[in-house]
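S.K.: Pasting a structure here, questions to come.
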Amino acid sequence: MGKTIYILNGPNLNLLGHRQPEIYGHDTLADVETACAAVAAERGHAVRLFQSNHEGEIVETIQAARQDAAAIVINPAAYSHSSIAILDALNTFDGPVIEVHISNIHKRESFRHHSYVSLRADGVIAGCGVEGYALAVRRICSLLD
Ligand code: DQA
C-alpha cells in the first residue's frame, strides 16, 4: 500500500533558488517537491513537503509524522548544527530518516561539519545539489518496500 514520506526543510530554504544560487543552485522547493513526488510515485508512494524557519514548528511536524508518515527526508539547514530538540523529536520517530544537505557541508566552514541530526539519520546525502532529495526518496522507497 502507498505510504507517505515527509520532506522537511529548515530555515531559509523557502528562498531556495534565490538564496546564494552559487551554493544552492537555481531550483526552488516546488521543483524539489515535483522531483520527489515523481520518484515516490514510481513506487506507489506519496510525498508531503514542509518548510519552516521555526525550530518548534519543525519539532511539531516531526511529531505529526509519527501518525502520518512512514519515513522522513529532512534538510534541517542551519538547525542541523545546533538543534538537540530536532534530534530528540526524530528519536521519537520509528521509520527511516534520511538527512539531506544540498551543499557538501564537509567542504565548508568547520561549524557546518557537525550535525546533531546525523546521530539519528539512517543515511546522509551531502553535496549532490537538490538532486540529493530525490536520491533520498529513492533510498527511502527501498527501505520501505
Ligand atoms: C544546508 C547546509 C547548512 O549548513 C546551511 O545552514 C543550510 C543549508 C545545505 O542544504 O547544504 O541552510 O543544510
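Quick reminder: no glycine exception, Cβ is built from N, Cα and C everywhere.
The active site, proton acceptor annotation in TrEMBL covers TYR24. Look at TrEMBL and you will find HIS101 tagged as active site, proton donor. The annotation substrate binding site is assigned in TrEMBL to ASN75, HIS81, ASP88, ILE102, SER103, ARG112. Look at TrEMBL and you will find ARG19 tagged as site 'Transition state stabilizer'.
Could you give the neighbours, burial and distances for every feature on this list?
M.R.: Look at TYR24 (active site, proton acceptor): DSSP puts it in a helix.
Every protein chain shown contributes to the tally, and the Cβ of HIS101 (active site, proton donor) ends up with 22 other Cβ atoms within 10 Å.
The DSSP secondary structure for ARG112 (substrate binding site) is helix. Around ARG112 (substrate binding site), the same-chain residues at least 6 positions away in sequence with a Cβ under 8 Å from its Cβ are SER80, HIS81, ILE105, HIS106.
Counted within 10 Å of its Cβ, the other Cβ atoms near ARG19 (site 'Transition state stabilizer') come to 12, all protein chains included.
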S.K.: Using only C-alpha positions, which one of ARG19, TYR24, HIS101 is spatially nearest ASN75 (substrate binding site)? These are the recorded positions in the record.
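M.R.: Checked the recorded positions ARG19, TYR24, HIS101; minimum Cα distance to ASN75 (substrate binding site) goes to HIS101.
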S.K.: Between ILE102 (substrate binding site) and ARG19 (site 'Transition state stabilizer'), what C-alpha distance do you get in Å?
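M.R.: Taking the Cα atoms only, ILE102 (substrate binding site) lies 12 Å from ARG19 (site 'Transition state stabilizer').
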S.K.: Identify which of the binding-site residues ASN75, SER103 has its Cβ surrounded by the largest number of other Cβ atoms within 10 Å, counting every protein chain shown.
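M.R.: Buried the deepest by this measure is ASN75.
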